[in-house]
Amino acid sequence: MTPPSTPAPRPRRPLPARPRWPRPRAPRPEDFRAPGHAPQVAARLGLWLGVAVAVCFGTGLASHLAQHPPAGFGWPTRPVQLYRVTQGLHVLSGVAAVPLLLAKLWAVYPRLFARPPRWRGRGRGGAGAGPASRLGPLLGHAAERASILALLAAVFFELVTGLFNVAQSYPWRFFFPAAHYAVAWLAVGALLAHVGVKLPVTRAALRTGYGAPAFVAERRAVLRTAVGAAGAAVLATAGVTVPGLRWLSPLAWRGADPPAGVPVNRTAAAAGVAVPPDWRLTVTHPGGSRSFSLAELAALPQRSERLPIACVEGWSATATWTGVPVRALLAAAGAPAGRPVRVRSLEGDGLYASSVLPAAHARDPRTLLALGLAGAPLTPDHGYPCRIIAPSRPGVLQTKWVTRLEVLP
Ligand SMILES: Nc1nc2c(c(=O)[nH]1)N[C@H]1C(S)=C(S)[C@@H](COP(=O)(O)O)O[C@H]1N2
Ligand SMILES: [Mo]
């Protein structure tokens, strides 16, 4: 037996040269090649978004004025559906803005990778230019970033808090109406600055159609998808306020509650309201006062009106309310006409425990102290024994469980 021969060592082949990967670097705007990232798309999305935001801001301001009328301003009582329409537009334009904003962000986010102009080295100032000539572009870049951050923060805050509000969820410590109103001004200021800065780019992008013919189809598709998504979001929620659309709106946050088809925003139990057996309505005015039992109110001439409750949360519902016209009631109490009236409820405290009927609403023949809804006495949750229902008025001011009307001097 011969021992197994050990094979002669083969000559070592040299390892292939290690491939030289390019050094990793941060992405640049040019790396994002999808045709949808074009200024032509961003400009058009910006227009749609601008319209949605303008409607949202204008109607939001209207709602603020209706709830907190400054001296000398009177929110009109006609058309009867006015507040319902403005608040519906407010909430639905906000809903439309969500997909539009996301699409706009997608279209422009590659710009976030644009690098600030160089501070040292080959500056833009050219040979011999000192650092001072480079400070301008650098500051400009920083200012642009800061303004976009402010714009996004403010708009996101408005859309997110608005959506939480319609869902009646308040997972924060601030007071929603005040914060939502204040930040709206920040958002609009930042938006106006942004539009001003971007106007030349936007104009140029709109003038060049969709750009190179090879990209037209895809750029159009991006735009259509975004606008289609906004439309779908509106239809999916519009039934909350548009009569007849409820069947189409699976995301409507309020339905038509039986039996009257009017949702209940705050139940009597939630408000801690218990009607005492000796309940009376007191009407006071500078010249005296008078009180009425429920039977006495029911014995006054009654009037029925089809009027909507239009909640600030965007939902609305029309129903037939029956009761005593407030102006007739004030006259029966010997109160002077043409004055604003404070309405107080049985709710001890709470933000909506009282409201003020402006003079125009107090003398409007369609403003009722309602005792009934849809042909039946008010249920406790809708405001038994009586509640205010006035035309073109935010729901939050349609005070339930009324116990006192104070004609203001
Ligand atoms: N006293 C009192 N009235 C109130 C409220 C309240 O909380 N307390 N909520 C208001 C709000 S926000 C709305 S939208 C309407 C809803 O009326 P409804 O529950 O009969 O639909 O009542 C208003 N009246
Ligand atoms: Mo409301």
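Including glycine, each Cβ sits where the backbone N, Cα and C put it.
Taken verbatim from TrEMBL:
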- 1-36: region 'Disordered' (REGION)
- 10-26: compositional bias 'Basic residues' (COMPBIAS)
- 45-67: transmembrane segment (TRANSMEM)
- 87-109: transmembrane segment (TRANSMEM)
- 148-166: transmembrane segment (TRANSMEM)
- 178-197: transmembrane segment (TRANSMEM)
- 276-408: domain 'Oxidoreductase molybdopterin-binding' (DOMAIN)
Quick test of the contact rule: Cβ under 8 Å, at least six residues beyond the ends. What residues does that give for the transmembrane segment (178-197)?
46, 50, 53, 57, 60-61, 64, 144, 147-148, 150-151, 154-155, 157-158, 161-162, 165
Are there residues at least 6 beyond the ends of the transmembrane segment (87-109) whose Cβ is under 8 Å from a Cβ of it, and what are they?
32, 36-38, 41-42, 45-46, 48-49, 52-53, 55-56, 59-60, 62-63, 152, 155-156, 158-159, 162-163, 166, 222, 225-227, 229-231, 233-234, 237-238, 240-242, 310-314, 316, 394
In the same chain, which residue numbers or ranges, 6 or more beyond the ends of the transmembrane segment (45-67), come under 8 angstroms Cβ to Cβ?
73, 75, 83, 86-87, 89-90, 93-94, 96-97, 100-101, 103-104, 107, 155, 158, 177, 180-181, 184, 187-188, 191, 195, 198, 202, 206, 223, 226-227, 230, 312, 393-394, 396-397
In the region 'Disordered' (1-36), how many residues does DSSP call helix, how many strand, and how many coil?
5 helix, 0 strand, 31 coil
Confidence summary (mean pLDDT) of the domain 'Oxidoreductase molybdopterin-binding' (276-408):
97
